[in-house]
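Novice: Copied straight from TrEMBL:
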DOMAIN    1-422  domain 'PTS EIIC type-1'
TRANSMEM  12-38  transmembrane segment
TRANSMEM  58-79  transmembrane segment
TRANSMEM  91-113  transmembrane segment
TRANSMEM  133-156  transmembrane segment
TRANSMEM  177-200  transmembrane segment
TRANSMEM  206-225  transmembrane segment
TRANSMEM  237-258  transmembrane segment
TRANSMEM  278-298  transmembrane segment
TRANSMEM  310-326  transmembrane segment
TRANSMEM  390-410  transmembrane segment
DOMAIN    454-536  domain 'PTS EIIB type-1'
ACT_SITE  476  active site, phosphocysteine intermediate
DOMAIN    549-625  domain 'PTS EIIB type-1'
ACT_SITE  571  active site, phosphocysteine intermediate
């Protein structure tokens, strides 16, 4: 289970790393196109505006196509082989999924509760939960739908991509076979999505009237849902009816605010008295005060030898959130690694915004600092500066609170946020590299002596015990992720560090070699050498195809490792194990997480309730031990 979570977290970084640069581009575009900051030169229709508009549009690419980004990016991190083909299969299957949804809704929309299928889509509107993805009119399932489809395709690819079909069907092997299977799988998947997703959307929609009429409580619920639902895409159903629709005022809060901005600026009456309904669009405050400070917490909790690398990741993300109000680079950095932190963040954000509203802070504050300044601080400061001092005070208090809560939670629970990899140094002697690995390395070096990655790839392959000791190898943002046959054949951490690795993290047979941002190039050379060595067939993890291997590996780890197991056998549905040190054995919850039903023990004697397949698991354990 731990190995799968580590792999999933690493795969999520593939698309996430693109957010930072794009966010900076959008922030700069927003800044340089603002006439309140740059004057007439930044007005629409000028050459200056046109240039920055074009640049800004390019920056929106990854944010406007985020579903496609994850559909393509996840297979790159999780497919065991032919990753490029897996990405293509995932994209085609995801498009098929959306075409099926469109087909179902166009024919039987009312049956699924969608009565607006034939209406044209309108910008800045909920469109009844509909959206256009890659030119396909479909349900707006955001990245939830993308991750589900990508997960199905990855499973199909890893299991069936290399399947040999009869000779007369040979043309359908490989990617074509996966796309065919994906096509068939998407029919029920799309049907169930049409059946379930509109009801979820309807539930969100029905809460609007309650939020509008509930005062402070309604403001809190609005801000909480608008933040916590971001991963599902359902937050669009929360804020769009308020900001651009008639949920509160005719025409939406955004145009209403701009139409009356000059009146608000000229009046010295309290802003809350002038615009009492503007406690809802305060969610830009969390982008300015909280998201950047979360990045500071990541840096503060990072290991000393990972500070520079962590800073390179979080500084662009923090600036993007602060100035442009785009929080995805921050959100996806920890959303899947530590979901509880996401809930805490949503609670803090909603409470901060509601407290600001209670103290008289209202306005059109949905963007980052640039947008908030342009629509609030700059035009209204003369008569309403005291309101904004209150805003800054509350924001800074919650920023400090967020920092300490995140720092405490990360350290207490050892969440794998950026820079949190373990750091330990061994002093053992390096084991001898296998002959074929050395020959493969010589061949690779002879191919390109000037290649800066060959030496490191060669060293890492040898230090891991050679190709024959590797059952799986892939990478994430900065790490090689490897599963080995025998951890004892792996060299000490110090040997890896002598070859420019930053660190090595161990979890039983799963290892992470922290390489750096050029990990993809190093991995490519290693895979080439494995192929040259004749061990290519051993690269794919058997655990993904054989569930008994995965469970056996997990049980060995939870029992304290190979060195802690004295003897073991099976009895009916139980795995009976005698250990040397009972203190090294994990608790029952940990065993349940890898497929056990219960854990019983008496002293050094442990009974793991496994099920009727216990003999298969014992057989795998015997091979490993």
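For all residues, glycine too, the Cβ spot is worked out from N, Cα and C.
Predicted automatically and left uncurated, TrEMBL annotations should be read as such.
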Novice: Do any residues at least six apart in sequence from residue 571 (active site, phosphocysteine intermediate), in the same chain, have a Cβ closer than 8 Å to its Cβ, and if so which, in order?
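Specialist: Residues satisfying the criterion: 607.
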Novice: Across the whole of the domain 'PTS EIIB type-1' (454-536), what does the mean pLDDT come to? Round it, please.
Specialist: 81
Novice: What is the three-state DSSP composition of the domain 'PTS EIIB type-1' (549-625), stated as helix, strand and coil residue counts?
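Specialist: Here the numbers are 33 helix, 23 strand, 21 coil.
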Novice: When secondary structure is assigned with DSSP, how many helix, strand and coil residues does the domain 'PTS EIIB type-1' (454-536) contain?
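Specialist: DSSP composition of the domain 'PTS EIIB type-1' (454-536): 38 helix, 22 strand, 23 coil.
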